[in-house]
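Visitor: Here it is, the structure in full.
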Amino acid sequence: MSTAKLEDSTQRPLYGERIIEESKIICFDNPNKKRIYEISIQLPEFTCKCPFSGYPDFAKLNITYQPNLKVYELKSLKLYINNFRDIKISHEEVVNRIMDDLVNEGLPHWIHLNAAFNPRGNVSMQLDIFSGQKRN
């Protein structure tokens, strides 16, 4: 078996990488603006990189919100979240950045973002951020 380095024959960047790089959160009109209701979204495969070691950090993101005029389109949200996979960023900074983008794009009545980071080096971390006023 040859030990020569195999050349990558695929074109760079791959179409999936381009789509992720260009991603942004897209919203569409709330189909029932008169009703107060909650939507929960789970994103169990969030990844970013530790800004100090460069090692990957993994988390489960849970978003619960009460839509106002818009709701989040799920595929765009998935691609937006996947864009963080190669970014060196602290847990605190990335969760706050995601929350800012969610609030700015969707303008929900109320939103809660929970990020449960997997243990690394015997330490796990969970962040909870809220914005707006919850309605009953």
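Start at 1 and count along the chain as shown; that gives each residue its number.
Cβ coordinates come from backbone N, Cα and C, glycine included.
What Swiss-Prot shows for this protein is this:
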type	residues	note
ACT_SITE	CYS50	active site, thioimide intermediate
ACT_SITE	ASP57	active site, proton donor
BINDING	TYR72, GLU73, LEU74, HIS91, GLU92	substrate binding site
Visitor: Within a 10 Å radius of its Cβ, which of these binding-site residues (TYR72, GLU73, LEU74) has the fewest neighbouring Cβ atoms?
Guide: LEU74
Visitor: Which ones are near the residue listed as 'active site, proton donor': of the binding-site residues TYR72, GLU73, GLU92, which have a Cα within 10 Å?
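Guide: Hits: none.
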Visitor: Using a 10 Å radius around each Cβ and counting other Cβ atoms from all shown chains, which of the recorded positions CYS50, ASP57, HIS91, GLU92 yields the largest count?
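Guide: Selected residue: ASP57.
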Visitor: Just to be sure I understand: of TYR72, GLU73, LEU74, GLU92, which binding-site residues have a C-alpha no more than 10 angstroms from the C-alpha of the residue listed as 'active site, thioimide intermediate'?
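Guide: Near the residue listed as 'active site, thioimide intermediate' by Cα: none of them.
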Visitor: What span in Å does the substrate site cover, taken as the longest CA to CA distance among TYR72, GLU73, LEU74, HIS91, GLU92?
Guide: 25
Visitor: Helix, strand or coil for CYS50 (active site, thioimide intermediate)? Use DSSP.
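Guide: CYS50 (active site, thioimide intermediate) sits in coil per DSSP, no helix or strand.
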Visitor: Can you check what DSSP calls ASP57 (active site, proton donor), collapsed to helix, strand or coil?
Guide: strand
